[in-house]
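Here's what TrEMBL has on this protein:
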{"type": "TRANSMEM", "residues": "12-31", "note": "transmembrane segment"}
{"type": "TRANSMEM", "residues": "87-106", "note": "transmembrane segment"}
{"type": "TRANSMEM", "residues": "115-133", "note": "transmembrane segment"}
{"type": "TRANSMEM", "residues": "139-154", "note": "transmembrane segment"}
{"type": "TRANSMEM", "residues": "159-177", "note": "transmembrane segment"}
{"type": "TRANSMEM", "residues": "183-201", "note": "transmembrane segment"}
{"type": "TRANSMEM", "residues": "213-234", "note": "transmembrane segment"}
{"type": "TRANSMEM", "residues": "281-298", "note": "transmembrane segment"}
{"type": "TRANSMEM", "residues": "305-324", "note": "transmembrane segment"}
{"type": "TRANSMEM", "residues": "330-351", "note": "transmembrane segment"}
{"type": "TRANSMEM", "residues": "363-382", "note": "transmembrane segment"}
Amino acid sequence: MQLTKLQQTALILLVIIFVYLFFSFSLYRWIIDDAGITFAYSQSLAHGFGIVAQAGSPPVEGYSNFLWMIFQVPFIFLNIFDPVVTPKIIAGVLFIGLLVLLLSLFDKKPFGQRIVIFTGLWIAMNPSLLIWFNSGLENSLYGLLFVSLIVTVYKKRDVVTPTSMILFGLIVSLLALTRPDGVIYAIIPPIFLVTHSFLLKKPTGILPVLRKLTWYVISIAIFYGGYVLFRMVYFHDVLPNTYHVKGGPSFDAVISLISLDEYVISKAIVFLTYMFGRVEILIAAIFIMSVFFVYMLFRKRYFPIVIVELLFFGLSFVTFLLMPDDWMPQFRFATPAIISGYLLFFTTLYYSREILAYYNKRAKKIVTVFAILISIAAMKSFSETLSVFAKSPTAPFSYVSRIYGHKFNAYADSLGVTNGSIVTPDVGGVLYYSNLRVIDLAGLTDKRIAQSFNSNPADVMNYIFDEVKPTFIHTHGWFAYVLRFDEDERFTSNYVLVDVFEDRYIAENFSLTVYTGEFVRKDVVKDIPNYQQLWKDLQYYDTAY
């Protein structure tokens, strides 16, 4: 029975969705704790408290994914939001939307469905995309918008109108509102317009180009500039607070990239090997694409879709190389580079297939068999990487929620604490569930700590002990090493230990013995001699995630 085109499309979608769900299953209980920060802001907004981390907190832009934060608000408002389940469902729907966009990109190509099948399967198998699509963070939305920009640029290539430029500006603005580095893609539509106007067709003159660029700039000024203006008025800052903590691409990073220093080359090789699963597949991919591009140049056969994909991959890859290293593993910032890289590779592979078939009819079958074999090899490598991550996922939201959210809520109740506060570096699950005022030791939701932690740690300590005077303190790892609570007289005099342990991170990385853990302000427990036992009685919160 011959399937209709619609049935073929539906079958392709179902197969890829099944692969995505199959590989995602090992992550069904996990989202990363940082997602809880975004959800805490969504929760505050949904409940009418404004865009704040907690009710009554000062406005601080402690998220870097405004559009994703807004996405969650209606679900919380309607009381149908689960912080683990709902974001995964949304991500799954967005993934399907991404596949539909890819199909629309090749709707008139006889071999387009094959490109989408392999590109979609590799996206559905890639550990980085699977992990971060399922993390509760914005990557799925970011990926969808990125692909929508690719599709729009390609589809509008022959008729670039003011309306097209406004649409480009809208999509670029949405990308930038989903993640700050998305603003880099604002340079693609102007490059495309100039190239289209002066190189790929008869010159149209400078004035029509300037008029179209003006519409583009106006649209970005309205859609993205409007939010920047809102940020300045509401948060009293030009940049998100997360920038003060994490930074962004630096001048040194640009110099390193231009000079191709050892660090940049190493970062690129490690990423590309990860992206293709095995170094042998990477070498084959580089060889195939190199031969194809040489063929294009010598034969002067330029395929518009390949040029568009190359432009997007090149820019997204450079952006990834410029981004500072992130504490979260599995290439969280590489979503656009991975998607466009797969799209570029399989497009060049299948164009090569058509070219080779002109000389040898067997080439079509050989290329298809090759694509299947490397997909099987990559699947094995990808599944191993995903399995290792799933056994010990990064900073689980559910774990942080129990240990530093629910457990401290219960402990505060057992001590009779009202209007209490807690200082902790892990705040996603805490902000979402805690009844205490939360002071973010990492600084993401606290402007004072964000601006002082790296440059003036003493000011952070003055802020904590002289101004905040928290009821509880939890400290560990890098934060304990930098601030050294145990060496501050205000800490040793005014706080007593609840539970303490030798910090393995500090011991392994700095060869120092530092004791970290949970502490309570001395005046809170002066009449409660069994305060340590009360904490031990809450051990049922300490179960693995």
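Keep in mind that glycine also has a Cβ here, set from the backbone N, Cα and C atoms.
Remember, it's a predicted structure, so these values are computed and weren't measured experimentally.
The transmembrane segment (305-324) shares more Cβ pairs under 8 Å with 139-154 than with any other stretch in the list 115-133, 139-154, 159-177. With a threshold of 8 Å between CB atoms, the same-chain residues lying at least 6 positions outside the transmembrane segment (213-234) that come near it are 51, 59, 61, 66, 162, 165-170, 172-174, 176-177, 183, 186, 189-190, 193, 240.
Listed by sequence, the residues of this chain that lie at least six past the ends of the transmembrane segment (12-31) yet keep a Cβ under 8 A from its Cβ atoms are 83-84, 87-88, 92, 95-96, 99-100, 103, 113, 116-117, 120-121, 123-125, 130-131, 133-136, 382-383, 386-387, 390, 393, 396-398, 545.
The recorded stretches the transmembrane segment (363-382) and the transmembrane segment (115-133) share 3+ CB pairs below 8 A when only pairs 6 or more apart in sequence are counted, and are therefore in contact. Beyond the transmembrane segment (115-133), the same-chain residues lying 6 or more positions past its ends with a Cβ under 8 Å from any Cβ of the stretch are 12, 15-17, 19-20, 23-24, 27, 91, 94-95, 98-99, 102-103, 105-106, 109, 139-140, 143, 274-275, 330-332, 334-335, 338-339, 342-343, 346-347, 349-350, 371, 375, 378-379, 382-383, 385-386, 389. Note: the stretches the transmembrane segment (330-351) and the transmembrane segment (159-177) are not in contact (fewer than 3 CB pairs below 8 A, sequence gap of 6 or more).
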